[in-house]
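Enquirer: I'd like to ask some things about the structure below.
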Amino acid sequence: MTQVKPPLSPRATCDVSTATKSNPKSREIIHHRLVDRFLGFVCDILDFNLVKMQTSTYGALKGSIGFGVQNQRRVSGFGELRNRTSTVSRNLCVTDRSICCGGLCLSSASMGAKLAGLRTGFDGISMSTLKARSVQARASDGDLENLVPSKPQGKSSGTVLPFVGVACLGAILFGYHLGVVNGALEYLSKDLGIAENAVLQGWVVSALLAGATVGSFTGGALADKFGRTRTFQLDVIPLAIGAFLCATSQSVQTMIVGRLLAGIGIGITSSIVPLYISEISPTEIRGALGSVNQLFICIGILGALVAGLPLAANPLWWRTMFGVAIVPSVLLALGMAASPESPRWLFQQGKISEAEKAIKTLYGKERVSEVMHDLTSATQGSVEPEASWFDLFSSRYRKVVSVGAALFLFQQLAGINAVVYYSTSVFRSAGITSDVAASALVGAANVFGTAVASSLMDRQGRKSLLLTSFGGMAASMLLLSLSFTWKVLAPYSGPLAVAGTVLYVLSFSLGAGPVPALLLPEIFASRIRAKAVSLSLGMHWISNFVIGLYFLSFVTKFGISSVYLGFAGVCLLAVLYVAGNVVETKGRSLEEIERALSVAT
């Protein structure tokens, strides 16, 4: 292999300057040697990368090398090597010499020195960097997770956090509507005269899930047609009306209709909150901001728990609990009126000037051209119409869509709802008789784990957190199962069951909880993103509904220990599936991921 010569150092440059001053006759010889050394270094790099240019199809090495380049070549890498060759145009000329390497001719005329500027070379592009990008960035089904992250973006003058916060009002409503009925069911059943009717109580609970299934399938189509922010505003209608009907209901029928409308609202929210956050977040912090969605869902559930505290003293407080949800719904509509639309959606609609304005608001004016270049590169040469639902099942998209659906299926089949449902019984066996205390401990573990996941998402990566999460969940489920059946552990069954429950919730919140909703908008192409996210979330709600419907029947027939053992097996299957099918996306822009997966599939 050709040995790469190092670039000129500052000390070497100083030595050149001293030598030329002390002995002017040697100036031309020294200049020739230094130029030869530098050009040898350049040629080695170009030889190494241009050979691989035939098989590489991603990105572009922008800028021109100002040595009288006769044949410009575009060097491809998974990430865009943006503007890093700008400093190479240094007017370096060599007298009566012409050097060619790797098909790139470097012709020279007169020697204009400015050698001190050469030490900056390629603005930090080293041989190892280029090698990593050309070798590790080959897109194939088996090695996409080894992609080298592109260089983190510089600090921008834009602001994203306020708009992510507004979107997370939808996540809070998601969690609140899920959790509010747990504390209120007993009291509203007495008030509405269904205390002895378990079927109608079941309808009050499950109507939300049925509505969420419908909403999750419609959210993607609405987001594609009207845009992300407008869909948020439209979503407020079922959320606010549903909460109002629940709070003022005088019959169980009105309560069910209200829950159904609220379910449609949170179903739409469940699909567009992660979609919007992923599309407006900078690449370098997209993982952290995306996992905030799950964090706020947990906060919403905890908020519902806290809202139920006055119920014991005031049995009619349940109406206030439902009515409170109107406030964040209205705030969501007002906030989205002032929030920028997704630049990616605007670009897809051909609204270029509006997309540039949104980018300027989100990232700062200094990154407008960079982001617009990414968007243009992702769709270059593509005149495809908007994707239909049937396109999701085509050979082109079938594999990546199946990964999204499978992740949510594993998330639900891993037993999270069963663990939460049985947590109060488990805690009672350990001497914790307060249901509120048990729910608070589980909720606190969920919030803590999600906060930790948010801090690790952009450092450890999505895939590694998923593997750790499902592995921890399998171990926790095994501990829970053994604590109920193994006689040796009988004296410690209560504390072990509590430990298993808390460890399970912590493991879930580290990966299986937040990652799927974050990962899906990243791996889906922009053409199918909204609909594919909706389809995957639909799988989430359907599996949630089915598990809730048949879980107690399985417990009655097989026993809770056997059911927990089955959940442990599902978690192990999830580990194998994630290891073989999920790709790592940390540090990549959505456009870079789309280009790589498009070639790979």
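Using N, Cα and C of the backbone, Cβ positions are placed for all residues, glycine too.
This is the feature table in TrEMBL:
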DOMAIN    163-586  domain 'Major facilitator superfamily (MFS) profile'
REGION    1-20  region 'Disordered'
TRANSMEM  160-178  transmembrane segment
TRANSMEM  198-220  transmembrane segment
TRANSMEM  256-277  transmembrane segment
TRANSMEM  289-310  transmembrane segment
TRANSMEM  316-338  transmembrane segment
TRANSMEM  400-424  transmembrane segment
TRANSMEM  464-484  transmembrane segment
TRANSMEM  496-520  transmembrane segment
TRANSMEM  532-552  transmembrane segment
TRANSMEM  558-579  transmembrane segment
Enquirer: Three or more CB pairs closer than 8 Å, sequence separation of 6 or more: does that hold for the transmembrane segment (558-579) against the transmembrane segment (256-277)?
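Expert: No, the transmembrane segment (558-579) does not contact the transmembrane segment (256-277).
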Enquirer: May I ask whether the transmembrane segment (256-277) has at least three C-beta pairs under 8 Å with the transmembrane segment (400-424), counting pairs 6 or more apart in sequence?
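Expert: Contact criterion not met.
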Enquirer: Considering every residue in the domain 'Major facilitator superfamily (MFS) profile' (163-586), what is the mean pLDDT value?
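Expert: Averaged over the domain 'Major facilitator superfamily (MFS) profile' (163-586), the predicted model reaches a pLDDT of 87.
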Enquirer: Is the number of Cβ-Cβ pairs under 8 Å between the transmembrane segment (160-178) and the transmembrane segment (496-520) three or more, considering only pairs separated by 6 or more positions?
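Expert: Stretch pair does not touch.
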Enquirer: What stretch of 198-220, 256-277, 289-310, 464-484 shows the most Cβ pairs under 8 Å to the transmembrane segment (532-552)?
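Expert: Going through each listed stretch, the top one turns out to be 198-220.
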Enquirer: By Cβ distance under 8 Å, which residues at least 6 away from the ends of the transmembrane segment (289-310) in the same chain are close to it?
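Expert: For the transmembrane segment (289-310), the sequence-distant neighbours (Cβ-Cβ under 8 Å, at least 6 residues beyond its ends) are 160-161, 164, 167-168, 171-180, 182-184, 273-274, 277-278, 281, 317, 320-321, 324, 436, 439-440, 443-444, 446-447, 450-451, 453-454, 457, 509, 513-515, 517-518, 521.
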